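Annotation comment: Swiss-Prot describes Arg70, Ser71, Gly72, Asn83, Leu87, Ile88, Asp89, Met97 as substrate binding site.
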Amino acid sequence: MHALQAKILDPRIGNEFPLPAYATTGSAGLDLRAMLKEDTLLEPGQTLLIPTGLSIYIGDPGLAALILPRSGLGHKHGIVLGNLVGLIDSDYQGELMVSCWNRGHTAFNIAVGERIAQLVLVPVVQAHFELVEAFDESQRGAGGFGHSGSH
């Protein structure tokens, strides 16, 4: 398990609400909570930037974090991330914020402390461009959308 530096920015974390933790030994994501001042109604089509009350510092340029939606919120209520996925670079040290978008047809109440997203650490490979006149031939070539089959 990799050590991750974290700062609690909202004193309710660790007291009223638990620190992010893996739910099972096979869990990939840590749940992030809505550390709002009060319950908030998210209307259909509305987007809201929600504080998590937590900042992290990954430090290792070989790692990054992704903020991903919780599957149940999207499937059952139409609550997804406004930016679809959040990328946290290894040198970022500010508060983790979650952009929530209600793509559903009914208003959704976000309760204080509700689990709204999940944080997943991922490996990073940085690349540099090697400019070429032509690519080595491949089986796929430049075939794009739908090229590898109809379904």
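Cβ atoms here come from the backbone N, Cα and C positions, even for glycine.
Features recorded in Swiss-Prot, as mapped to the structure shown.
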{"residue": "Arg70", "record": "substrate binding site", "DSSP class": "coil"}
{"residue": "Asn83", "record": "substrate binding site", "DSSP class": "coil"}
{"residue": "Ile88", "record": "substrate binding site", "DSSP class": "strand"}
{"residue": "Met97", "record": "substrate binding site", "DSSP class": "strand"}
Where the record names Arg70, Ser71, Gly72, Asn83, Leu87, Ile88, Asp89, Met97 as binding substrate, the maximum Cα to Cα distance in Å: 26
Proximal but sequence-remote residues of the same chain as Asp89 (substrate binding site) (Cβ under 8 Å, at least 6 apart): Ile58, Ala64
Among Ile88, Met97 [binding-site residues], residue with fewest other Cβ within 10 Å: Met97
Site of maximum Cβ density within 10 Å, from binding-site residues Arg70, Ser71, Gly72: Arg70
Cβ contacts of Leu87 (substrate binding site) (under 8 Å, same chain, 6 or more positions away): Ala64, Ala65, Leu66, Ile67
Surrounding CB atoms that lie within 10 Å of the CB of Asn83 (substrate binding site), all protein chains: 13
